[in-house]
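Colleague: This structure is in structure tokens; I'll ask about it shortly.
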Amino acid sequence: CCRERSRAARRRWGLPALLVAYVGYLGLGAGVLQALERPAEVREAQHLLQQHWELLANYTCLRGPALQRLIEGIIQAYKSGITLQGNTTSLGRWDFSGSFFFSISAITTIGYGNLSPSTVAGRVFCILFALFGIPLNLVLLNEIGQLMLLGVQRCAHRIEEVFHWQKKASLLVKTVALVTGLLLFLLLPPLLFSDKEGWSYEEGFYYSFITLSTIGFGDYVIGMNPDRTYPGWYKNVISLWILFGMAWLALVIKLCINLLESSSDFSLAQVSQRGCGVSILGGNQK
């Protein structure tokens, strides 16, 4: 009876409570981001408008509509990966290396947004490519994650046999695996990005998490600075880092999900047990 009531309580209160927490969390994020980012947005807009009017005032031969068309053309060309370098333009985003990196960003659902197909044939192919590539990527990430878990479990079992530890061995190995993953996928890569991209450590760390979590805002993307020369191995190494880093971060997120679910199940179980206790006391009084 108590188990049935516990399950009914979970079904009755679990989803509404989760929805309230979800919407509240989104509202909290929206409020904090608005307070932090809105003033900077207003300052940038005012600065851009001031530069626009100063340019028209200093160069009276320019006309507002013509300048606006030039600005729009520059923005559109930049979205296509073309930048001005003196009297020439830079290409290279759609060479094999850039196309390979775009393919990874597509099937991993990162979708930076800084580069996208502009032809009809390219868009149709991208749809078909992602349709079969996303499941393939998920299967591969699952296999990599299972191998990581298996390695952790084998290390824990080996330590238990050698040192005759039980719970301590599992906790030790999980802690080492977590710290190793933090170093390999989040803490050390920003040093490489600082060297190759000229970013600060904070910017590199931000890019690392946004990429591996597949958020992919696109404000920071590797290998896109026309003023820098990148080695041939750079994007290939980053592609492997993305693949294994996503598998590792997925395991960490799964662990967080299990902790949240176990805590919510525990709280609901406590509520149902109290209800059962009250009913039993009421039955005894009768």
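Each residue, glycine too, has its Cβ placed from N, Cα and C.
All annotation found in TrEMBL is predicted automatically rather than curated by experts.
Annotations per TrEMBL:
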DOMAIN    90-148  domain 'Potassium channel'
DOMAIN    182-260  domain 'Potassium channel'
CARBOHYD  Asn87  N-linked glycosylation site
TRANSMEM  13-36  transmembrane segment
TRANSMEM  120-140  transmembrane segment
TRANSMEM  171-193  transmembrane segment
TRANSMEM  205-223  transmembrane segment
TRANSMEM  238-260  transmembrane segment
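Tell me about the setting of these features in this model.
Modeller: Residues in the domain 'Potassium channel' (182-260) partition by DSSP class (helix H, G, I; strand E, B; coil) as 54 helix, 0 strand, 25 coil.
Counting residues 6+ beyond its ends, the transmembrane segment (120-140) has Cβ neighbours under 8 Å at 103, 106-109, 243 in the same chain.
For the transmembrane segment (171-193), same-chain residues at least 6 beyond its ends with a Cβ under 8 Å from one of its own Cβ atoms are 148, 152, 155-156, 159, 165, 199, 201-205, 207-209, 212, 222, 241, 244-245, 248-249, 252.
For the transmembrane segment (205-223), the residues of the chain that approach it from at least six positions outside its boundaries are 97-98, 101, 105, 108-115, 185-187, 189-190, 193, 196-197, 199, 230, 234-235, 238, 242, 245-246, 248-249, judged by C-beta separation under 8 angstroms.
Away from its own ends, the transmembrane segment (238-260) comes close to residues 100-101, 104, 108, 110, 140-141, 144-145, 148-149, 178, 181, 184-186, 189, 208, 211-214, 222-223 of its chain (Cβ-Cβ under 8 Å, at least six residues beyond either end).
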